[in-house]
Amino acid sequence: MARASALLAVVAAVIALVAGHGAAFDPNPLQDFCVADTTSKVHVNGIPCKDPATVTPDDFFFSGVDRTGAGTASRRYGFTALPVQIPGLNTLGASHVRVDVAPGAVFPPHIHPRASETAVVLGGAVYFGFVSSYPDNKVYGKVLRKGDVFAVPQGLVHFLYNNGTEPASLYASLSSQNPGLVLLADALFGSGLPDDLLAKAFLTDVGTAQRIGAKFRA
């Protein structure tokens, strides 16, 4: 009886300890904002906050989303991406990007491991969609035109293809400050994975895997 009582006391203590930690954790912001201090040398899971006394309206502002072709260009795939960098979004679980895609070009199959995505077409038309997880591997895609919006669940493979004759542009919102980006073909063929492994994975021969890999390592 004494041993049972002692065991119950230990269990109760553990539950109380865990409950105490749970009550102390709050995943939501604990202040109105936490403007990113990009000059800080402090290493945290995110970016430290600026002194609120130094925050200005410009910390919540970005200009230039209307500029076609601004940002970093991918010559391999034919798209341009412009991150919308707003320091005031720090810790709020959101990021944004403008994407321009030339006629006949693609933003190839990729995933964002830490975010869902919602994209609105600013101009032109694109075939946009995602693929459900194994074993279904079902494509959910549509041709989107100006004003259309499409959503992609977190972590699923998705893509866009400008199969028209005019340039296309989109504005994408993601549900993470750091959504991550994995371009599947680049990750598989440009990372140095063994050619025989890739040949088996893609049900082809080693020579074909080598020729494809050479395009990504050039």
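If you go along the chain as it appears here, the first residue is 1 and each next one adds 1.
Note: Cβ is positioned from N, Cα and C throughout, glycine not excepted.
TrEMBL: automatically predicted annotations, no manual curation.
Since we're looking at a predicted model, the values are computed, not measured.
According to TrEMBL, the feature Mn(2+) binding site maps to HIS110, HIS112, GLU117, HIS158. Per TrEMBL, the feature oxalate binding site maps to HIS112, GLU117. Residues or ranges marked as disulfide bond by TrEMBL: CYS34-CYS49. The annotation domain 'Cupin type-1' is assigned in TrEMBL to 63-210. The annotation signal peptide is assigned in TrEMBL to 1-24.
Take the mean position of the Cβ atoms of HIS110, HIS112, GLU117, HIS158, the recorded Mn(2+) site; other residues of that chain with a Cβ within 8 Å of it are ILE111, ALA115, PHE130, VAL152, LEU156, VAL157, LEU174, PRO179, LEU181. Here CYS49 (disulfide bond) is positioned 25 angstrom away from HIS112 (Mn(2+) binding site), judged by their C-alpha atoms. Close to HIS110 (Mn(2+) binding site) in the fold, though at least 6 residues off in sequence, lie VAL157, HIS158, PHE159, LEU181, VAL182, LEU183, LEU184, each with a CB less than 8 Å from its CB. Per-class residue totals from DSSP over the domain 'Cupin type-1' (63-210), listed helix then strand then coil: 21 helix, 61 strand, 66 coil.
Comparing CYS34 (disulfide bond) with GLU117 (Mn(2+) binding site), their Cα atoms are 23 Å apart once rounded. HIS112 (Mn(2+) binding site): 22 other CB atoms within 10 A of its CB, across all protein chains. When the Cα atoms are compared, CYS49 (disulfide bond) and GLU117 (Mn(2+) binding site) turn out to be 26 Å apart. There are 23 other Cβ atoms within 10 Å of the Cβ belonging to HIS158 (Mn(2+) binding site).
The average pLDDT the prediction assigns to the domain 'Cupin type-1' (63-210) is 96.
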